[in-house]
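Have a look at the structure below before the remarks.
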Amino acid sequence: MGNFHATTIFAVHHNGECAMAGDGQVTMGNAVVMKHTARKVRKLFQGKVLAGFAGSVADAFTLFEMFEGKLEEYNGNLQRAAVEMAKQWRGDKMLRQLEAMLIVMDKTTMLLVSGTGEVIEPDDGILAIGSGGNYALSAGRALKQYASEHLTAKQIAKASLEIAGDICVYTNHNIIVEEL
């Protein structure tokens, strides 16, 4: 059986609000949609942190557990937990094989965490990952720049995923949006 992957995750800080959205499609290889309603965005650490994954499903669950453990260990300090997780992820021979990326955020900070040791905080309060990530990122930036006074963070996140779903074959319209 092939690898299960492909998705789009989008996160935004906007006017004091934060939201993260993910689609529900799980694709096996490049040909078969195996699931339409996967939940790839979750609340962690007593509902104070949002995390979303793109990549291999089994790997992502491992990373969710690992990140939540780091959040507990560092008492909810998002940046410290992300840096320590990235160091462990990059430094461990087995963990380096994991094929996934995470976006993690709380009310003040948003970070992209990857297995190559990257922990990146965006300048503009927007991140997107996955196969439709560039489409969602473009849509989100345009919405935030030109319609920001009329839209909430949740509305920007949902609309960005809808636009990505219209373009990317690995992204569907079963969108889950979580807010803090």
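Glycine too: its Cβ is placed from the backbone N, Cα and C atoms.
Straight from Swiss-Prot, the features:
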ACT_SITE  THR7  active site
BINDING   GLY165, CYS168, THR171  Na(+) binding site
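When other Cβ atoms within 10 Å of the Cβ of CYS168 (Na(+) binding site) are tallied across all protein chains shown, the result is 22. The shortest Cα-Cα distance between THR7 (active site) and any of the binding-site residues GLY165, CYS168, THR171 is the one to THR171.
Reduced to three states, the DSSP call for GLY165 (Na(+) binding site) is helix. THR171 (Na(+) binding site) falls within neither a helix nor a strand when secondary structure is assigned with DSSP, and so counts as coil.
The Na(+) site is set by GLY165, CYS168, THR171; from the centre of their CB atoms, other residues of the chain with a CB within 8 Å are THR8, ASP23, GLN25, SER131, GLY132, TYR135, ALA136, LEU161, ALA164, ASP166, ILE167, VAL169, TYR170, ASN172, HIS173. Non-local contacts of GLY165 (Na(+) binding site) by the CB criterion (under 8 A, 6+ apart in sequence, same chain) comprise THR8, ASP23, GLY132, THR171, ASN172, HIS173, ILE175.
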